[in-house]
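What follows is one structure encoded as C-alpha cells, with my remarks underneath.
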Amino acid sequence: MYFGYVLIMAYNRVLFKKITGEELVDPTEAKPGGFIAFRAGVIELLTTPNVRFRKLGVGFITSMAGDVDEAFDQVDKDRDGHIDKDELRQVLSDMNFEPSEEEVESFMNELDEDKNGRVDKKEFKVWFVSQSNYVKNNIKRVFDEVDTSRDGVIGRGEMSALLKRLAPQVISEDDITEAMESCYQSGSKDTISFEEFSDWYSQSLLYEKQKDLVENDGAVKQEESILESLSPKEVDSCMSYIRWLILIPLHATFAFTVPDVRRAGMGGYCYAAFVISICWIGVCSYFMVGWATTIGETLGIPVYIMGLTFLAAGTSVPDLLSSVIVATRGFGDMAVSSSIGSNIFDILVGLPVPWLAFTIYPNDEEFVYIAADGVWLQIIILLVMLVLIIVSVHLQGWKLTKTLGYFMFFFYFLFLAQAVLCEYVFDVC
C-alpha cells in the first residue's frame, strides 16, 4: 500500500491530466518572476548607492557582448574613439541599470585614468581586462563551491542545489533542466564543465546573489572547524548561554558523528549522513519512549494517553519544523506532502515492520494482540477527522491560510477531548 501511494504521488501530474484533461501547474511555474526573470535580470543592482557602484563594473562586463574592442564600440556611440560621460550614462541605462548622476561620475573617474573627462580605448582596455579577470576568478570560486563532490564537473543535483539556494521561490525542475541545457556545449549532458558553467554563469543573475564576492572584494569566507562551531557564539542574554549549555552535549555528539555535507568536499558523504541521522533518531526515540513510559506510570497516566499526546508530539515536532522551513521558503506543496507522507509512512511501514519482526523472531507468537477494545471507534473517528480536514481545505480554496490553521488546532483539541472522555468517562478505548 505504501509503495502504491508513492507511485501515485510520483505520477500525480499524469493522473491529474488524465482525470481532468488539464495540466497541473505549480504556483512557482506560474509566477512571472520565474527562470526567465532570473536570467533576464543579468546583474540587477541593489538599492544601496555604494553597493550599486561596486556592482556597476561586474554588471557592465557581463552585459557586454564580444571582446574588448567590440565592447568599446558598443559604448562609443559617435565613433570618435573616446567615451564621454553621456555615452557611459546611455549604455548603462540601456542595460536597465538606471544609475544616478553621482554613480555615473564615480564610474567615469574609475575608467578615466588621466582625468581628462574622456576614456580612450587604451584606458578602457586596461579597465576591461582587470574587470574580466576579476569576474573570471569569481566564477572559478563559485564553481568550486558548487562542485561539492570535487570531481571537476557539476551534476544536476549540484546545479539544483545552487539554483534553489539563490531563488527557492521561483526555481522548478523545468528551470533546472533549462539551466543544464543552457550550459551544455559538448560531452555529457548530465554534467557541466567549468568552461560551460563560466559561459552560462556570466550571463545570469547569479552575481547579484553572490554579494560577498563583490562587496568584500572576493574575500574567501573561512569555514569554521568543528570545535569553532561548538563554541558559544556572542550571546545577548543569560538564557542564550543556558540554552547553549543544555544543548552542547547533543551538538557535540552529532557534530563528531554525522558528516557535515555543507562543507566543501563533503557532498559525497550525504548518504552516510542520512543513515547515521536515522540511527540517532532511533537511539533518541528509544530513550524518549522509555522515559515517557516511566513518567506516565509515575503520574498514573494511561499508556494510551501518553502515546496520543507526549509520544505523538515528540515524534511529530521534527516533521513540524521541517514543514515550517520548506513552507517559509515557498514550497507549500512540499510542506503538506511531507506531513501527510510521514503519517502514511508511520501507519503503513512504521507499524508493520515491528509486528513482522516480532512474529518472525523465533517464538510461539503468530500475531500481535492490540489491547484496545475501542480501536474500531478510533478508526471511525479518524476517518471523520479526515473528512472534516478535506472539507476545511476545500472551503479555503485549497490554500494554507490562518483560518485553516485555526480549524486544524480546533480539530486537534477536539480529537484529544474525545480521546480523554473515551478513556476516563466512557471506558471504551
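Placement of Cβ uses the backbone N, Cα and C atoms for every residue, glycine included.
Features as listed in TrEMBL:
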type: DOMAIN; residues: 63-98; note: domain 'EF-hand'
type: DOMAIN; residues: 99-134; note: domain 'EF-hand'
type: DOMAIN; residues: 139-169; note: domain 'EF-hand'
type: TRANSMEM; residues: 241-258; note: transmembrane segment
type: TRANSMEM; residues: 270-289; note: transmembrane segment
type: TRANSMEM; residues: 301-328; note: transmembrane segment
type: TRANSMEM; residues: 340-361; note: transmembrane segment
type: TRANSMEM; residues: 367-391; note: transmembrane segment
type: TRANSMEM; residues: 403-426; note: transmembrane segment
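The stretch with the most CB contacts under 8 Å to the transmembrane segment (301-328), chosen from 241-258, 340-361, 367-391, 403-426, is 403-426. Under DSSP, the residues of the domain 'EF-hand' (99-134) split into helix, strand and coil as follows: 25 helix, 2 strand, 9 coil. Within the chain, the transmembrane segment (340-361) has long-range Cβ neighbours (under 8 A, six or more residues past its boundaries) at 1-2, 5, 9, 315, 319, 367-368. Secondary structure counts, DSSP: the domain 'EF-hand' (139-169) has 19 helix, 2 strand, 10 coil. Across the residues of the domain 'EF-hand' (139-169), the predicted structure has a mean pLDDT of 74.
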